[in-house]
Amino acid sequence: TFCFLSVPFQQYPHQSLQGLSLRSVQSNKRDINIKNMQTSQKHHSAAGLHMLYPQPHCSPQFQMIDNNGSSKESFFTLESSTASGTTLPSYDSPSSVSIKSGRSPFSPQGSHSCISDPHPSPENVYESSLTAASSYIYDEAGVKSKIRELEDTLLSSDPKVEEYSGFSPAAGKSWNWDELLALTPQLDLKEVLLEGARAVADGDFATACGFIDVLEQMVSVSGSPIQRLGAYMAEGLRARLEGSGGNIYRALKCNEPTGRELMSYMGVLYEICPYWKFAYTAANAAILEATAGDNRIHVIDFQIAQGSQYMFLIHELAKRPGGPPLLRVTGVDDSQSYYARGGGLTLVGEKLANMAKSCGVPFEFHDAIMSGCEVHREHLGVEPGFAVVVNFPYVLHHMPDESVSVENHRDRLLHLIKSLGPRLVTLVEQESNTNTSPFLSRFAETLDYYTAMFESIDAARPRDDKQRISAEQHCVARDIVNMIACEERERVERHEVLGKWRVRMMMAGFVGWPVGGSAAFAASEMLKGYDKNYKLGGSDGALYLFWKRRPMATCSAWKPNLNQIV
């Protein structure tokens, strides 16, 4: 039995290709060998959200609701397992629908690449993760097996690569580059990008360079969304061929302007796109519900950035009947994030302390100036008597997992958090699968995901807007280049879909906690200030942010599984 996932198959983002097909510009002497091309089908894109999929992996339906409150067509999303909680409806941003209240609730900073001793001592790998009473042995092989099983299923059913390109010259033949260059205005840019990536994946460097030359005539940083994205993806292909991906990634890190400039590059994206506000709004709503009866709250944030999330949280805590609780915030950061913030964590602490004082909220700030990969229990300032909440906003995908190093910092960190006995863990991540998929599938998934993102940016600012161009160049392009040009430890952008995060969280000893009515309501109110094509949806206790029909981000919440010792 099969069901459709996430969107009807014929709808966005799988549109009918426009432009002249590459098939029509090949010489009559060059035969088309579709069967040879189809041998690459084992490298399907990893997203797996838009094709047929076995019924056991299908989650409850979403219901799309229009502005009049009437139900639109239903669709599904991928989940790896069933979580407790109710299914949320999906809300258009401008609508004023009523939401029942229940138990509810693009990487701006420097990377969290963790280059450490490749031969760590067994004594300290999990020293902070395991409690003294623990009799549980972490089953890394089990985690790998579960993740790989889901990855294989995702890769088996998604035709993103083949959809854009169902042909190539027969073995031993070559492309007519002069003819292609002459016809660039009529070619389909997505198709050319995929053919260039296919050549890179096959090790055909001469063909890859030929396609990059063609792409340079088709892309523009001030053009349409696909033209702008194509410029950065072509740069990623070139960097991969030249082995310079890591250098370009480091050179493109956000460097926040100083002085009286209106806003930084990241400030531009923060204002014109709701991705970060979605993370802050949904996570704050979950935190407020989970700690409603606590007088001492300790929030540990693994990507505190400029502290904007806690400005809003402090305002809400100040309204609590009977007086606000004591709020302690621990900000975990690394030195690279200094450039995105314009200063160190001390600036964040001072800003939040001033805000808390003006609102009458007792406040303490603790900083951990290090990569999340280096964090151990003693760095977090945890004390008895506090309700501990841990927040992972678009950051956990930066932690190297078992596919990168034997340290497996991603799972080590989750076990450390479990040992703290947190009241709640909030996880916000991009709904994209680029972690362990092969290069060609990863390229196709990146193309699919960022096409939607660039379209959403395009809806907010004119194409010749210099601030938008700078923001894309300095803060989005670097992530794209990293995913395409880098491998192993240098590739720090390793997104995973919620289904895979669910497996990882459950194996680490957590159980899902519904992100429900209050978060959905707060996020829907926030989205009223943005384009109507942004929508919310929910399934199995998680809250989704969509651009049109493409899931862009998810917010999920987790509590320790008291029946599992980890």
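Even glycines carry a Cβ here, placed using N, Cα and C.
Of the given residue ranges 137-141, 277-281, 287-291, 297-301, TrEMBL assigns the label motif 'VHIID' to 297-301. Computed over the region 'Leucine repeat I (LRI)' (187-247), the whole-number mean pLDDT of the model equals 92. Residue counts for the region 'Leucine repeat I (LRI)' (187-247) under DSSP (helix as H, G, I; strand as E, B; rest coil) come to 46 helix, 1 strand, 14 coil. Residue counts of the motif 'VHIID' (297-301) by helix, strand and coil are 0 helix, 5 strand, 0 coil (DSSP-based).
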